[in-house]
Amino acid sequence: MFFTEINLVSPITLGLLVSAALYLYGVWRLRQRGDAWPAGRTVAFIAGGLGSIALVTVTGIEAYDTTLISVHMVQHMVLSMVGPIFLALGAPTTLALRVLHGPPRKTLLAVLHSRYVRVLTFPLVAFGLFIANPFVLYFTGAYRQTLEHVWVHEFVHVHFIVTGCLFFWPLLGLDPLPNRWPYPGRALLMVLSVPFHTVLGLTIMQSNELLGGDWYPNLGLSWLDPKADQVMAGGILWAGGEIVSVTMLGILVVQWVRQSEREARRIDRALDRAEAADNAVRPAPDAG
């Protein structure tokens, strides 16, 4: 059912195809000149990132996102959390910097170090945008607009992806973005995000008002109970947010441990070099 109504004409579909082509071209260029690129990063970006986004926006799942709010909520979780995390693990900016030369590379570096990027990727700013986004969407008239207008619907999808990338890319720290917090600060932000997902999910589950007003009842679907579907949607948001947050914490801990091990090895090598240099200049003991 999900793959019989594939949508290949949306702006998101075009963006996914272009992104995949550019990434794979970059990997090919590196290999052509004899440089390696981790296969895991390619899989993360193409299959995990672009693939998960395509799953909820291109396949038949997308056909039900204005019929079932539970389906919309799955989209929400994938577009704002799952997809951006895998895109960040693919380190596309690092790939671009290794492939590009001359003016294109200078332009990319100028964008990365611009004032706008510095502000938007500052962890507290990105955290605020990431947390405020769903509250503004669901508790104002914005959500109803996404149901009634296709262009608003598509814009919100893109907005989910962008806010997710702004939040998760600096936290994972694989790409050379201007704001890079120490690992304890990154982990703290992930911990702080958990209560917001819990509050939002429980509020949606316990609300006596339907999100979208009379949109879902007016569909007249005999098999659909809008209230029960909304309860399921809130549960998806609550549980999904906690699962992804705990997973992110695990990733950050692994990165932190690996960084500590690299730092320890670096210090050991420096001490070894200092000891060797000291031994080289120390006078030999008198044999007599």
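Heads up, the Cβ atoms here are built off N, Cα and C, so glycines get one too.
Taken from TrEMBL, the feature transmembrane segment applies to 12-30, 42-61, 81-100, 120-143, 155-174, 186-205, 236-257.
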Count the Cβ pairs between the transmembrane segment (186-205) and the transmembrane segment (120-143) that lie under 8 angstroms and are 6 or more residues apart in sequence, then report whether there are at least 3.
-> yes
Where else in the chain does the transmembrane segment (12-30) make close Cβ contacts, counting only residues six or more beyond its ends and a cut-off under 8 Å?
-> 36-37, 42, 45-46, 50, 53-54, 57-58, 90, 92, 95-96, 98-99, 154, 157-158
